[in-house]
Amino acid sequence: LLLAVCAVGIGGTFQYGYNVSIINAPTQHIHKFLNETWSSRYHKELNPNLLTFLWSVIASIFSLGGLCGALIGGSMAIRLGRKGALLMNNVIAILASILMGISFPTGLFELLIAGRFLIGINSGIGFCVQPLYIGEFAPKHLRGGLAMGTSIFLTGGILTGQIIGLRQEMLFFFPVLELLGGEKHLPLLLSSSCIPAFAQLLFLPWFPESPRYLLIDRGDELSCAKALKRFHGSSEYRREMEDIQRERFALDGEKPKKPWQLFTDRGVRWQLITVIVMTMGQQLSGINAIYFYATYVFEQAGILAEKIPYVTLGTGICECLTALSCGLLIDHVGRRCLIIGGYVLMTLWCTVLTFSLTYQELYSWVPYLSMTCVFAFILSFGLGPGGITNTLTAELFVQSSRPAAHMIAGTMSWISFFTIGMLFPFIVNGLQQYCFVVFLLECFFVAAFIFLIIPETKNKSFLEIKKEFHKLNFGRNA
């Protein structure tokens with residue numbers, strides 16, 4: 001099971017995290033490339049405003065690709081199977097890597113934009129299909145921990161991108177390593193997304209298709225039994241087989257639903273509201289504000305400018321470690337406790353950080369309090385919303401609704417990601433450190449919503465979870 005999660009994650013959410021972080025390091029080199037390309041093509045200097053626009057397109061087109069990927073990911077999972085969709089997704093990643101890699105030697109920045117769009121599609125599909133696949137082959141007593149592979153590989157991708165993207169001249173921690181952050185290695189850096197894709201193409205075919213997909217969607221009982229034996233062992237698979245049979249019987253031949261059908265289905269009304277609130281809450285929680293203010297906070301704490309990238313790297317390590325910790329705790333503590341606790345703690349750190357940034361100059365120890373809050377917020381996010389959100393999305397729906405639910409969750413996530421990216425600079429400029437008041441209110445609202453609405457899903461089958469929501473959707477007496 002652990003090997004299956006690794007085979008799925010390396011080409012799934014790892015790509016998402018990796019490609020979010022890898023573009024930040026070579027910003028100056030890409031600006032230089034755009035200027036040189038424009039000068040050689042049009043024999044005049046590139047207007048600074050146009051340069052900013054082109055860079056914004058290169059950076060943000062990834063989000064647009066992710067949104068498109070989320071919209072088609074569920075349909076691919078239904079038509080090709082969960083495993084088949086992930087394998088086909090790697091073709092998009094390899095094509096994107098080729099386009100980004102050859103954009104510099106050919107002097108065509110349009111290829112870089114196209115490559116970023118394609119790798120965004122790849123990330124959107126992976127972000128949609130990976131938790132779907134893992135949630136369906138995991139036994140219910142281990143489902144939470146295995147589903148955390150989605151967040152573990154995402155944070156691992158971010159951390160890997162941060163490490164590889166470090167500029168060579170700043171390697172005072174790793175002087176013997178020649179990483180890819182230098183200008184001469186830029187084509188290799190941008191085309192390195194093909195490595196996880198090839199790794200998944202090599203390892204994932206050794207694992208079977210989702211047992212639930214095989215039996216409920218395809219009606220292939222023999223293949224389902226073989227897949228369960230591979231995932232759960234010959235002695236344990238029968239219990240899981242019975243659970244899938246019960247779900248199949250309850251669905252009574254119901255076909256996979258389209259996303260728009262979920263909005264008119266009263267039977268999943270509160271599950272859908274829950275997923276939308278959690279997904280938007282995760283993206284709008286203030287984690288982007290924390291990373292934006294991190295450099296300023298570290299400077300005020302007296303950390304040398306050349307060492308700040310390595311302290312920032314520490315935030316990536318924190319997020320990765322908390323994802324691992326959450327994976328170990330989730331099946332013991334439960335989902336509700338972790339996600340509510342995470343949001344409550346984030347509300348607390350937003351409050352403290354607002355005061356500490358306001359009175360930064362007053363006492364010498366206040367900058368260190370701000371720095372502590374940055375790390376504490378990231379730890380709280382990773383332990384709660386960062387990991388539990390995707391796990392719950394996979395658990396709240398039965399087989400016929402699950403792909404559509406992941407498409408909706410992915411779409412909301414990418415729209416929120418793009419929106420906060422567009423609005424965040426204006427929020428910070430307008431409110432400055434008081435922007436954290438907005439985020440603390442949002443965190444408190446989401447924590448209250450989860451406390452009042454979402455039942456504990458630990459060690460429950462998908463049908464048992466559906467029955468819990470039946471009371472909300474149709475009333476207590478239904």
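In case you wondered, yes, glycine gets a Cβ from its N, Cα and C as well.
Curation plays no part in TrEMBL annotations; they are all automatic predictions.
TrEMBL lists 5-458 with the feature domain 'Major facilitator superfamily (MFS) profile'. What TrEMBL lists as transmembrane segment is 53-73, 85-105, 111-134, 146-166, 186-207, 272-296, 308-330, 337-359, 365-383, 404-428, 434-454.
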Using a Cβ cut-off under 8 Å, which residues of the same chain at least 6 positions beyond either end of the transmembrane segment (337-359) come close to it?
278, 281, 285-286, 293, 297, 326, 329-330, 366-367, 369-370, 373-374, 376-377, 380-381, 383-389, 392, 433-434, 436-437, 439-440, 443-444, 446-447, 450-451
Between the transmembrane segment (111-134) and the transmembrane segment (53-73), are there three or more CB pairs that fall under 8 A, provided the residues in each pair are separated by 6 or more in sequence?
yes
With the transmembrane segment (365-383) as the reference, find which of 85-105, 186-207, 308-330, 404-428, 434-454 contributes the most Cβ pairs under 8 Å.
308-330
